[in-house]
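A.B. asks: Here's the feature list from Swiss-Prot:
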{"type": "BINDING", "residues": "Thr91, Thr92, Glu110, Phe111, Asp137, Ala138, Asp157, Val158, Ala159, Gln160", "note": "S-adenosyl-L-methionine binding site"}
Amino acid sequence: MSIEVVEVRPHELHYGVYVVRFEDGTERLATRNLTPGRRVYGERLIKWEGVEYREWNPYRSKLAAAILNGLKLVPIREGTHMLYLGAASGTTPSHISDIVGERGLIYSVEFSPRVFREFMEKLVDQGRRNVIPILGDARFPYQYAHYIKGVDVVYIDVAQPAQAKILADNADYFLKPGGYVMLVIKAMSIDVTAPATETFKQEINTLKERGFDVLETVHLEPYDTAHAMVIARK
């Protein structure tokens, strides 16, 4: 038996993000579905006052986890142009696609051909025209530079060492002046022997050395262990 929705309201801080309240008192994040009737990863579809929303699962999306853990700055609006490194099968990019809308663009880079095909099937083939898929290696931005114009935000979520360096290298190519970067630090992908907090500091220092002002850092427990989200600007 489904639980009835009693309210959908805009998030008090974040554009394009909504809070759904159910009759049992629980609340969930959601975004307004850009492609009504279609799911991306099995998420619940919620209809309220003639509008369809997609539940945003923080255990499947590190951006949702960061928002629930108190992230104050999400530099994504309607019309934002973004480079997303490590698009995987498209869970978080799909919600960003909802937020940026038809005037926005998400250049989505994924390295694995198998995962890239899944991304295509779940997002591009389902009518998300604001998503530009790129099969490529985020370590080598020159390989896909001819596909991308300047972007407002560079977002990275890759299981590689030197995550901050990869982000900064891409920002040098594509980030507009005054633009933002969003770094998901996966500590265990960088150094399994070091405490996660030390790895976070190391990656943040790399951003600072590359000329970024670090604005906010949020740890992602309990949704993801040894992960953090960093927002910075150049």
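Positions of Cβ are set from backbone N, Cα and C atoms, glycine also.
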A.B. asks: By a simple count, how many Cβ atoms lie within 10 Å of the Cβ of Asp137 (S-adenosyl-L-methionine binding site), its own Cβ left out?
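C.D. replies: Excluding its own Cβ, Asp137 (S-adenosyl-L-methionine binding site) sees 15 Cβ atoms within 10 Å.
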A.B. asks: Which residues of the same chain, at least 6 positions away in sequence, have a Cβ lying under 8 Å from the Cβ of Asp157 (S-adenosyl-L-methionine binding site)?
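C.D. replies: Set apart from Asp157 (S-adenosyl-L-methionine binding site) by at least 6 residues yet with Cβ under 8 Å, we have Lys62, Tyr84, Leu85, Gly86, Ala88, Thr92, Val184, Lys186.
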A.B. asks: Using only the residues recorded as binding S-adenosyl-L-methionine (Thr91, Thr92, Glu110, Phe111, Asp137, Ala138, Asp157, Val158, Ala159, Gln160), report the maximum Cα-Cα distance in Å, whole number please.
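C.D. replies: It comes out at 19 Å between the most distant Cα atoms.
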A.B. asks: Any same-chain residues 6+ apart from Thr91 (S-adenosyl-L-methionine binding site) with CB under 8 Å of its CB? Would you list them in sequence order, or say none?
C.D. replies: Val40, Tyr41, Asn57, Arg60, Ser61
A.B. asks: Give me the long-range Cβ neighbours of Glu110 (S-adenosyl-L-methionine binding site): same chain, 6+ apart, Cβ under 8 Å, in sequence order.
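C.D. replies: The list for Glu110 (S-adenosyl-L-methionine binding site) reads Gly86, Ala87, Ala88, Phe116, Phe119, Pro133, Ile134, Leu135, Gly136, given in order along the sequence.
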A.B. asks: Take the Cβ of Ala159 (S-adenosyl-L-methionine binding site) and count every other Cβ within 10 Å, whichever protein chain it belongs to.
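C.D. replies: Around the Cβ of Ala159 (S-adenosyl-L-methionine binding site), 13 other Cβ atoms lie within 10 Å.
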A.B. asks: DSSP secondary structure for Thr91 (S-adenosyl-L-methionine binding site), reduced to helix/strand/coil, please.
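C.D. replies: Going by the DSSP assignment, Thr91 (S-adenosyl-L-methionine binding site) falls within a helical segment, counted as helix.
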